[in-house]
Amino acid sequence: MRERLGWLALAAAVVILDQLTKAWVVAGLPYRHAVELLPFFRLVHVHNTGAAFSFLAGAGGWQRWFFVALALGASVILTVWLWRLPRGRWLEAAGVSLILGGALGNFIDRIRYGFVVDFLDFHLGGWHWPAFNLADTAITVGVGLLLWQSFFSSESTREPEERHGG
């Protein structure tokens, strides 16, 4: 139980950091304004009504509730997955926790604003990767951990530890 609560705490930490950074951007950076920090990186304040890479951003408004429902459903599934995960599957638990925290962070934005606040902008010359946020980063890293665990880790083939006593 303690291990599971620790993984839920990781998800909560992602949500808190994500929301704090977005609040900082909303309060301190005018909409569509950019601050160059490095030759290849800047902070921007943009709104995304769609999903990754602005998928469905121009869909007319119905996508807000679609993505709210999707994030809510995914969060329930991820929480159950995390709760049922055998002890010792730390790579899988970390991945699921990061995805859960990221999904909830963007869920809060969609409920609160009707869009997701994005602010991290990497670019090379005139080419820009789509702006993203810490929730998106957590989801991406979480998926990467799950893929790593599935393909390269002995964790995926190991039998769960037996529990004795108590």
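Every residue gets a Cβ built from N, Cα and C, even glycine.
Per TrEMBL, the feature transmembrane segment maps to 65-83, 90-108, 128-148. What TrEMBL lists as active site is Asp118, Asp136.
For the pair Asp136 (active site) and Asp118 (active site), the C-alpha distance works out to 9 angstrom. DSSP assigns Asp118 (active site) to a strand.
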